[in-house]
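Novice: Structure provided below as structure tokens; questions to follow.
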Amino acid sequence: QEKKLWDAMKLTAYVLGTVLLIFTALVNFFWYVQDIWDTSGHFWQATWLKFYNLHEGNEWTIFLYGAALVPALAFWGFNGILMVADVTGKPKFITRYRIQLGKNDPVDTKKLCKAIYTALFNQFFVSFPMLVPMFYIMKWWGNTFSKELPTFQWFLVELSIFTLVEEVLFYYTHRLVHLPLLYKHIHKKHHEWTAPIGVVSIYAHPLEHILSNTLPVMTGPMIMGSHIVSITAWFSLALITTSISHCGYHLPLLPSPEFHDFHHLKFNQCYGVLGVLDYLHGTDKVFRQTKAFERHRVLLSLTPLSKSIPEAPKRAE
């Protein structure tokens, strides 16, 4: 009994010590970032006021720049680089980090053109029209076009809430479109790519694009009545993050795409973004037993994880 009590005390001390160290590190990190933000805060505030005055406070124009143009440029700029690698196989610095070896090497250009066409259609004829009701909701809140930028701390709070809202809405709407009837007529289009590439992140049936791609991202800012600068940052981040999840490359220092890539490979695993709800619902059990799960981490070296953690050789029949 004494040994069990001692072991329990040691475990408790270890856990509490680890939590304390992590908490201290995070506090120091945020103080450091806050110092940087305070130093550059006047610059960003002055820049925002210049932009605001340049457009004479025209809220609709400012909203289109922030919620449509900047995120679209971020999406196509990032995916443009990836598509060069997909089509040409160069630069090797990117293609050597391919997750599903031998797939999209090079990518089928006819399938790629179809994906680009669908992505553009979804942006111009689905996402952008949805910004109209969002604009009036944001005007009703009254804070979106304020001349004063939100504080760094408040933006972090908003970012946390946006991420949580997106995780919940995306997970359940994604599972919804995997129901047989909806999958056959709606979601199957997205799963034409068992080895996805970046632009495939918004290659979807228009109804799915509304339900699973756009609403989960838009809802957080609408709930919070966020500033247009926060919306711009969040939309751009969301588009780049989903592109990374679909890109097919596990690149150094970027978030791991192994989780969602496995979903495209197996269809009935890994429905969420963060993986929290998948863990709670048990929809990542198969994934956790694979080499992909071992590779599901930020790559901190230049050695591809497909080499350092290779798939087990298949047994001969």
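Placed from the backbone N, Cα and C atoms, the Cβ positions cover glycine too.
Curation does not apply to TrEMBL; its annotations are automatic.
Grabbed the feature section from TrEMBL, which reads as follows:
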type     : residues : note
DOMAIN   : 161-283  : domain 'Fatty acid hydroxylase'
TRANSMEM : 12-33    : transmembrane segment
TRANSMEM : 62-85    : transmembrane segment
TRANSMEM : 120-141  : transmembrane segment
TRANSMEM : 153-172  : transmembrane segment
Novice: For the domain 'Fatty acid hydroxylase' (161-283), what are the DSSP-based totals of helix, strand and coil residues?
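Specialist: Summed by class, the stretch gives 86 helix, 2 strand, 35 coil.
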Novice: Return the average pLDDT for the domain 'Fatty acid hydroxylase' (161-283) as a whole number.
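Specialist: Across the residues of the domain 'Fatty acid hydroxylase' (161-283) the model's pLDDT averages 95 on the 0 to 100 scale.
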Novice: Please indicate, using numbers and ranges, the residues of the same chain that are 6 or more beyond the transmembrane segment (120-141) and have a C-beta under 8 Å from a C-beta there.
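Specialist: Non-local partners: 59-60, 63-64, 67-68, 72, 202-204, 206, 209-210, 213-214, 218, 221-222, 225-226, 228, 231.
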